[in-house]
Amino acid sequence: MAVSSTTLSSPTPPECLQQQEAPRPPATRGRLVVLTGPSGVGKGTLVSQLRQRHPELYFSVSVTTRPPRPGEQEGVNYYFRTREEFLNLIEADELLEWAQYAGNFYGTPREIVFQKLSQGQDVLLEIELAGARQVRQQCPDAIRIFLSPPSLEELERRIRERGQDSEASIQRRLQQARKELDAKDEFDYVIVNDNLEQALQELEALLYPPSPGKGQS
């Protein structure tokens, strides 16, 4: 089955950027930020709040074979594709990274990411652990952040509170979460999401540190 490449076509990617923490002039490359954490830890909510405060940050919309949840929109939350279409994207090398999670495939369209970076725009990827490891191989200068729950028990409570998963699915997610938590030391930064506002402030401090001398008389 042919897959439309209107939004997912992929040229040969340029080299990855050098990590920079200070504000950059428009002519320089943007930063690639990778956010990873267990399902239910609050990545989506945190990203939504961050984007409201920093609309200049480009959020890369992932491709998935997961069925849309109520309220989700094509091209806004995800690009929804069949399994066959997704495999075609892999074969065509149109994905920067991809991984299988809870029986579904997830991946990041390659072209738009490098396009935004080359234009000097920061790009945020909210992806799974396996995908984050792939990005590390291709873009070692990416800023890698792990969002952790305060405890596994709290994570289970949040997943159950969503009311979207069967018991079998909850157990699979918790099993995967244990593996992901064991890998958090692979990341540059770890933020514990015990309080959303505090986690957001920590994330902002990492990505948008105050300019030297700001606030001083």
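Including glycine, each Cβ sits where the backbone N, Cα and C put it.
For Gly44 (ATP binding site), the same-chain residues that are 6 or more apart in sequence and have a Cβ closer than 8 Å to its Cβ are Glu126. Secondary structure at Gly44 (ATP binding site), taken from DSSP and collapsed to helix, strand or coil, is helix. Annotation source Swiss-Prot lists ATP binding site at Gly37, Pro38, Ser39, Gly40, Val41, Gly42, Lys43, Gly44, citing sequence analysis.
Per Swiss-Prot, compositional bias 'Low complexity' is recorded for 1-10.
Under the heading domain 'Guanylate kinase-like', Swiss-Prot lists 30-208, citing sequence analysis as support. Mean model confidence of the domain 'Guanylate kinase-like' (30-208) amounts to 95 (pLDDT, 0 to 100 scale).
Positions annotated as region 'Disordered' by Swiss-Prot: 1-30.
By neighbour count, meaning other C-beta atoms within 10 Å, the densest spot among the binding-site residues Gly37, Gly40 is Gly37.
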